[in-house]
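One structure below.
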């Protein structure tokens, strides 16, 4: 077992005479360092100064004399004062009383340096003992030891040198060992510091000891060292492998980064080329559309500005195509009048039949005789026109057949002219729409193909509303066409009105963004251009809306209309199955897009600006409050939306069911069921919808009774009697491959006739 300390070896008692009476340069230097040492703070401790001044003057004198003797001995002189003699006389007793704090250098393992120091110290101790024996009588006569005059905190009667830290006393402190019993109080002042108050005080360091016991042998240590070396080699090898792998990965990253930069550059070139080609194509389309519009201005007509008093209005003037059709129609009418006149003349030349041949002659003769009697003369001076020569019966029938054929031909020509006129009217509607679009596009600030949000390249204007413009755009990131709706606020609006409009648009964006259904137009993105302009990016559809189709074709077949209604109801069912449910509230033909532009294709619902969210807070048993009364399209809203009272009316998804019925009626008959030729203001003033208690069906075109019954269920006046969206989705009329065969309730499914169902069946019969 080995005990180590930082202060040196402490196996034996220290030799006080080595410090006090043996004049060595090391001891003198140690004394000077002790006297001149200052604590880390840089000034002597106040407690040591107070204790020094509180000493007896005699004790202070003895202490000074003792350390003066040490300094004198270190210079090598042989003379000493009486105080130094006294100190050397008490050398042995001081050494024995020092205890475990002495130096253990006498007990250390023999080394060349230590042997020399011990031999020199031994010779000095012998000389010192001779001096002590020669002066023993004078010192021993006093009867007191110098340690009796000191009270040191480390123990009564101990030598002042014992308070000196071992690191100062022992010159071999860095190579010595100590026992576990050696300890130094860190805060105990030393007598040296007390004796010299004007010098800095040494701050002793706190010592720590560690006792270690082991049974390791050299073989085990060698094995451990070998194992550690092997582990170290493995770790170094692993580190080298990882460094090489890291270098490889860094090289791969650099290669991939270069490749990525190359692809990015190539992608940017492709995007730039795509933009260039799209702009060229759009420019050519704009030029061709304007050329075609100029040609159609002469053929179909154009707008002219007409002054009425102090104001100017635009008036439509038909082109030569309509003028030619009008002339042809006038010629047909004139030909018809001529044929009718000739038919009347032919009737006068109709030959008499055999039974009636005498009667007309007798009558004529009687008239002639009467005329002569009145005139009084038989010779008439006036030339009378000859009576038309009567035709034979064959000639009469021949002429009559010719006139009938001519009338039939004129009727056919008139029908063709009417059909051509209707076709030209449809083309004229497109032409008028294109003229307005071109005019709006020329006045738009986005006409020069800008790229919005560094992503959407605007191509051409699709349409314009009250406060918004819709452009066909190309998404450069997703490489697809899109419809960008640009909302522009009026700069003269108050900030409150702008905030309300923006809040309304953000609400529409939040509602529409969460919807994902094949029958609903998708909303891709939303961003702002400035404080007064923001955009929404929607799915682009090639075709027109249902309203434009109805204006072009007036109506459609029942199969086509039923297909459109089925898709609308499917989308409404989705809106009512999500949480929270949504009421569209603005269903109309203008908000139903025909993907292919025909009635036999897919449809998509758009425009959720007036939608209502049926959350738990606002929706109750009777529905939710209508907070935006007066908004919407009046022809397609139910009667409960027009009720005025102290409290707002309650609405539910049955509002959309009413709209479906109106749209279905308009598709079948080409007109609206209520307020067809009225404006919204007239509908509101005359309470047209509030009076719409029952729907009336025209005689033509012919529509099935099942379709009429379906419309009645949708247009029930009381909302309690009206179907909701879920009931409407399960209506037998909309179920696929099912038709009503007769009024008894038979159903045909895929060509098979089903048996009549009892009244208690789940299938509703009408």
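Note: Cβ is positioned from N, Cα and C throughout, glycine not excepted.
Now, the feature entries from Swiss-Prot:
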type	residues	note
ACT_SITE	586	active site, proton acceptor
BINDING	462, 463, 464, 465, 466, 467, 468, 469, 470, 485	ATP binding site
COILED	229-280	coiled coil
COILED	397-445	coiled coil
DOMAIN	456-734	domain 'Protein kinase'
MOD_RES	38	phosphothreonine
REGION	1-198	region 'Disordered'
REGION	344-381	region 'Disordered'
REGION	745-766	region 'Disordered'
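Maximum intra-site Cα distance, ATP binding residues 462, 463, 464, 465, 466, 467, 468, 469, 470, 485: 14 Å.
Distance noted between the C-alpha atoms of residue 464 (ATP binding site) and residue 586 (active site, proton acceptor) is 18 Å. If you measure from the Cα atom of residue 470 (ATP binding site) to that of the residue listed as 'active site, proton acceptor', you get 19 Å. If you take the Cα of residue 462 (ATP binding site) and the Cα of the residue listed as 'active site, proton acceptor', they are about 21 angstrom apart, rounded to a whole number. The average pLDDT for the domain 'Protein kinase' (456-734) in the predicted structure is 88. The ATP site, placed at the center of the C-beta atoms of 462, 463, 464, 465, 466, 467, 468, 469, 470, 485, has further neighbours from the same chain whose C-beta lies within 8 angstroms: 486. For residue 466 (ATP binding site), no same-chain residue that is 6 or more apart in sequence has a Cβ closer than 8 Å to its Cβ.
Rounded to a whole number, the distance between the Cα atoms of residue 468 (ATP binding site) and residue 586 (active site, proton acceptor) is 18 Å.
In the structure as shown, the Cβ atom of residue 586 (active site, proton acceptor) sits within 10 Å of 22 other Cβ atoms.
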